[in-house]
Every structure is written in C-alpha cells, then in structure tokens.
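The (6S)-5,6,7,8-tetrahydrofolate binding site feature in Swiss-Prot is assigned to Ser109, Leu110, Leu111, Pro112; the stated evidence is sequence analysis.
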Amino acid sequence: MRVIFAGTPAVAIPALAAVADSRHELLAVVTRPDAPAGRGRGLSRSPVAAWADEQGVEVLTPARPREPEFLDRLRALAPDCVPVVAYGALVPPVALEIPQHGWVNLHFSLLPAWRGAAPVQHAVLHGDELTGASVFQLEQGLDTGPVYGTLTDEVGPADTSGDLLERLAHSGAGLLTAVLDAIEDGTARAEPQPVDGVSLAPKLTVADARVRWGDPAFAVDRRVRACTPAPGPWTTFRDERVKLGPVTPVADGPELKPGELLVERSRVLAGTATTPVRLGEVRAAGKRAMPASDWARGVRVTVGEVLA
C-alpha cells in the first residue's frame, strides 16, 4: 500500500522505521510543527520530522490537520492508509475519509483501558500488572475505534513509564506493520471495543508528579515510576523543589511520619502513610542528580526534617 505516517515524538520512531522497511511505500510523514525547545527556546523539529529529513522523506507540518493546504496535499499524495503513532492532534472527519483504508492508530494500552494521552503512565500509576498495545481504526471518538489487533506486556515491579514505553514502542511497531499487511491482503478484521472496562488516561501534569507522602509506600513508588521520565517526580525540601529518582519500599523500616527523613550510614529513608521508602537519587535545582546519601550529607539533613 501507499502510506503516509503520522507521528511526532521519539516513541513513534520504531514504528516509522518499521513502516519504512516494510513492503509498503512511505510517501510522506505528518507531524506537529516545529516548537520551542531547550533553555534557549529555539524552534526544534519533532523527532519524526528529523528522521524524515535524514531519510529524504517529505514532511507535512500542518498547524491543524483541517487546513485546506494540508487536505489538498493529502488528496494529491493519495495514500491508501495513514498509520498513526502519537501524532498529537485531533484528525477531522474530512481527513480521516481521504485514504481508502482510513487512519490506523497504534495505542499503548489494551483498549478500552486507558484511552487518552498517557496510557502507559496511568497503567503504572494504578498498579496494572499487565498492559500492552492496540492497533485500531481512528475515528472521531477518543481512542474508541474498532481494534485490529493487540499484544500484551507485563509491568515489572521496577518498571518506569519510560521502560515500558520503550518496550511497547518496539513490539508495537511489528504489530502495526502486521496490521497494514493484513489490510492490504484483505484479511484484517476490526472488532468493536467492549462496552465494559473503559478507563481514561489524561496527560499527567507537573502537579500530578508531586510525591504525596501521605500515601502508602506502594502508591508513592508507583507515582515515582509512573512520572519517570516525564513529567518527572518531585517534592520539596526546605521549601525548595527537588527531583527524585527511584524509590524502594522498605517493609521492615522504622516508623516515620509522612515525609520525615531518616539518614542512616548507607541509606536515606522517607516516611509514608505505611512503611518508609528508600530514596535512590535526588536532584536539587541547578544541581546534578546524586545518590540520596550524598545529597543528605551535602545539605546536612537534621532529625525531624521532612519532604513535603
């Protein structure tokens, strides 16, 4: 088939590369426009656009995919299908209807669970033991279209969202190309999503990433892993924001108040609503990340001080 790939962040690259290496003809990519990035806030190409530039593939960057110029170019290219991974914009019906086989989306959850922008983060945050990826027909609803195929992946006890997303990006690439092959062969079958089991996964905010020391230790651990690497778990110490690396629940730890710090010879503990957690890395504003023990010595944590 003749295809145009729609996607924006780095997580879309494995699928884009797989499509480019498949039996299908990659005509162009559709991605979000250049956006400010870095401390200098200069305009930066999306990872998908940068990949396409290196490969000599045409790049389409409509501010909105309903723009007449974009729709005209889409019609002129005449794709049979548009595979999508994390494009980042709502696609209007007029664009969805242009390819013969529509737009086919790779989503990183087992639909209908975790529809929305942050399915992997919510799977980790809510303690799911099993997640996966789904390829479905894009329609106007939020991730509501019929599903062509799925794959599963176990969520490990130490998995961060970044770990899980990287695995799903690569395994999902194979699922997406297999669905494209089946569509071309006429063997693809899309099944409606179940009515039961629907959950939503809105984007996690910086406020969501603030550690809640009044939660049980297992929930603190989940929040830290869910928000790693983005938006980045954080807390405050002496009214200054600090970022946190991994934490480990300590089942036999001493009794501490929520957020209360205890500095021992080889570890730093912080209290929760249940048992404490061991801090991994800490990064103060303007500083590099360092082991929690080094941080505690540097700031001279005193008895009774807390993270908040």
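Using the three backbone atoms N, Cα and C, a Cβ is placed for every residue, glycine included.
For Leu110 ((6S)-5,6,7,8-tetrahydrofolate binding site), other Cβ atoms within 10 Å of its Cβ number 21. The number of other CB atoms found within 10 A of the CB of Leu111 ((6S)-5,6,7,8-tetrahydrofolate binding site), across every protein chain shown, is 25.
Between the binding-site residues Ser109, Pro112, the minimum number of other C-beta atoms within 10 Å of a residue's C-beta occurs at Pro112. Each residue in His107, Ala113, Trp114, Arg115, Pro119, Gly132, Ser134, Asp143, Val147, Thr150, Gln193, Gly197 lies on the same chain as Ser109, Leu110, Leu111, Pro112 and has a C-beta within 8 Å of the C-beta centroid of that (6S)-5,6,7,8-tetrahydrofolate site, without being one of the site residues.
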